[in-house]
Amino acid sequence: MKFEDLLLEIGGFGRFQILILFILCLPRINLPMHFLLHNFLAATPSHHCAIPHQEAFVNLTMEEVLLISIPREPDGTFRSCEMFSQPQFHLLLNSSLQPENNSIIQHCQHGWVYDHSQFTSTISTQWDLVCEQRGLNQATATFFFIGVTMGAVVFGYLSDRFGRKAMLLLSLVCSVIFGMLSAASISYSMLAIMRTLTGVALSGVSLIVLPLGMEWVDIQHRTFSGILTSIFWSIGNMLLAMVAYLVREWHWLLVAVTGPCLLSIVCLWWVPESARWLIANGKVKQAHRHLLTCARMNGRKDFAEDVPLTTYAQRIVLQWQHKKPGGSYSYISLFRTPVLRKISLCSGAVWFGVAFSYYGMSMNLTGFGLNMYLSQFVFGVIEIPAKMIMYVVMNRAGRRQSQAWALILTGLCIGANVIIPKPFTSLRSVVAIMGKGFSEAAFTAVFLYTSELYPTVLRQNGMGYTSFVARLGGALAPLVFLLDEVWRSLPEVTYCGVAASCGSVAFLLPETLNAHLPEGIEDVE
């Protein structure tokens, strides 16, 4: 007897499952509010060098003081990171005569003055993470994703060892603690450490929520459940834009996006441990209790009273023990045989390209001609139809074609905005929104496609490996923005090239549409 058969008898998708999925969607909303928080937490407003007061400036306006103290860019704006070593009073007579002698230009010596019209404070203004320290500002997001990468390894093991619910609770509690400590940071070093630990904790939420919900749902409704939980990620995207618009001070912004974890902790009381995990670990009595609750809530009272579920559960345990493979599998097993090695290398490249381009677009809210709050909101809205359309397309055109073209079109949209002139803001915005839709479609496809490529005995290892590669892509994405010092459009060209190249690699993967899921390595080979 299979667990799916038992699940159908007690109701594979009734009120019990709907309640669980709804509760598990609450922490799912919270994830993008932290994963994309860098856009607002580390935003850098316009700034210029601070000018020390001099008696000669008494009769000058602020505009005139800036004119004689700070050199200008070719477009007439004041430079952000340089100042004159001595006031250039002759510029008051003719401001167009910019000095040609660079020896009188130096880096800011007295700090910076920031425009506070949009942000009360960010970590950039708090610790002057601009100019020479700009790399540290972008590294804040990288530290967070390094934490997410480490957390994937830690919580992946712990959730299999100690149970889904216990580790989800631990993850949420740690997220609250480290999130609040991040808000209370008194130095950049403290913030970097706390954000890294927050990434570790939230990685547990990201890893556990989906499997815990799926393990209570029957096969026919798993796709629907996946779409539902994925849509709540997009809702979190939209809520982040609204919260960031209302809270412009970085300490309180961190508190605002961390607070909802407390609600998730309280609601987790009504979520049972995975009966599938309990049975697999021989905890039949606990599984029996949860299965009875499921049967009653789903209106299967006669079944719950008449049928000894413990007997069913024990038969499933004996069956799983009998079918347990003799050999042990690890990440190395993904590369031992030729076909599996090709799948692992190609799927790793696709996952890297998907995450790299997704976070590259998501963290460049000001580069497409829209207000950054509106960009964040619209990017969240466009993800919902993109997810729904992708599921339809994948069932018609196949997994391989859908995955490849979604990622290639993402790259082409990013590349198009390199060519489209800046004054065409409406066109740039439309292309950016289309690119974000394709990017989310690629992310939606890669989860389903990868789970179908790997055999059952290695599926969890395969998902863990590809998830690790994706986290590396997410960690590197914010650092690529620093390449604009070499060439202003180089970050976009990089995102475009990586997305198109990795999308092309997807053509090398086998098609899995309407194919039976492989059970062992020999099925793949």
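Positions of Cβ are set from backbone N, Cα and C atoms, glycine also.
Please treat TrEMBL annotations as automatic predictions, because they have not gone through curation.
Residues or ranges marked as domain 'Major facilitator superfamily (MFS) profile' in TrEMBL: 87-513.
Sequence-distant contacts of the transmembrane segment (139-159) (same chain, at least 6 residues past either end, Cβ-Cβ under 8 Å): 34-35, 38, 41-42, 123, 167-168, 170-171, 191-192, 195-204, 206-208, 211, 363, 460, 464, 467-468, 471-472, 474-479. As annotated by TrEMBL, transmembrane segment applies to 139-159 (among others).
The transmembrane segment feature in TrEMBL is assigned to 166-186 (among others).
TrEMBL lists 192-212 (among others) with the feature transmembrane segment.
What TrEMBL lists as transmembrane segment is 224-246 (among others).
What TrEMBL lists as transmembrane segment is 252-271 (among others).
TrEMBL lists 343-361 (among others) with the feature transmembrane segment.
The list of residues near the transmembrane segment (373-393) in space but at least 6 beyond its ends in sequence, with Cβ under 8 angstroms from a Cβ of it, reads 32, 36, 39, 223, 227, 230-231, 233-238, 240-242, 244-245, 361-362, 365-366, 402, 406, 432-433, 436-438, 440-441, 444-445. What TrEMBL records for 373-393 (among others) is transmembrane segment.
Per TrEMBL, transmembrane segment is recorded for 405-424 (among others).
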Segment confidence, the domain 'Major facilitator superfamily (MFS) profile' (87-513), expressed as mean pLDDT: 85
